[in-house]
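Asks: The domain 'C2H2-type' annotation in TrEMBL covers 10-37, 38-65, 66-93, 94-121, 122-149, 150-177, 178-205, 206-233, 236-263.
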Amino acid sequence: MSGDKKKNPHQCAVCQKVFSCNSRLKRHQTVHSEEKPFQCSECQKSFKDKSSLADHQKIHSGETPYQCPVCLKSFAHRSYITIHKRIHTGEKPHQCTVCHKGFKQLSHLITHMRVHTGEKPYLCSMCPKAFSVKCALVKHERFHLGVKPFKCSECLRSFSQHFTLVEHMSVHTGQKPYRCSECGKGFLTKSSLIGHLKIHTQEKLHNCPICSKSFLRKNGLAKHVKTHSRQKEQPFQCYKCLKGFLYKTNLLYHMRIHTEEKKDTNIQCLKDFRKESVGKTSGDTSSSTQTPV
């Protein structure tokens, strides 16, 4: 037996972690394997160790022996109440080594680290899109499958995501849950509020690549960019109304509108002039033929 084995007899051969007894080492070694020999008789879900199965079975029995001393909320697992207590204490023991942001749960830190690494391990089976968290993949795949599990109780309209249903419900209630902290204005959707807040901050994120003009909203930029494309696509412009045309012949045809308007105006002026002249002439004639008394 080597010196390391004698010194650390209960050491994991994969990650070199040391344990106080052999049973704990064996329990740990299941982390490195995909084997899950302990199966729940109720739902057939499998677990790597017996204690995890025992904790899981409390879900089916409704047993919640672990109670929070602050808010009296009960939990089925000891680990759940440990994490829950951090809400009251504000403790965030899991810290990001890059930006030093703290998290209550290790799983939240692992997910957060993907922001820095750019890792997106959850791949959509129907398109090339990838996601950093599993719940985002589940929501995305609903669009492909057409699954809309969230139904409005008022109009029975269905939605693929819960937050979309919540925003939709404000149409029926008239409530505007998203309120601006600057001016107090309410909005039906969070995206509308975000767009509105840029007015206060004077933030203009969407810049025109042609003339560098800035816009608060993306759709505003899209409309503006079309004006540049129209100028390129319609080089012949009317000097009267500034309307653009693709071909010179179309511009010349269009110009008749303005010349016809001018022609009509001239004709009307001529008619008015003739009427006025005739009136004067008839007036003069009647006065000249009148018999003196």
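Any Cβ shown, glycine's included, is placed from N, Cα and C.
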Asks: Residue counts in helix (H, G, I), strand (E, B) and coil for the domain 'C2H2-type' (236-263), per DSSP?
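Replies: Computed counts for the domain 'C2H2-type' (236-263) are 16 helix, 4 strand, 8 coil.
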Asks: For the domain 'C2H2-type' (10-37), what are the same-chain contacts with Cβ under 8 Å, counting residues 6+ beyond its ends?
Replies: 4, 46-49
Asks: Going by DSSP, how much of the domain 'C2H2-type' (94-121) is helix, how much is strand and how much is coil, in residues?
Replies: 12 helix, 4 strand, 12 coil
Asks: Below 8 angstroms Cβ to Cβ, which residues of this chain, lying six or more residues outside the domain 'C2H2-type' (94-121), approach it?
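Replies: Distal contacts: 83, 86-87, 130-133.
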Asks: For the domain 'C2H2-type' (236-263), provide the mean pLDDT of the predicted model.
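Replies: 77, rounded to a whole number.
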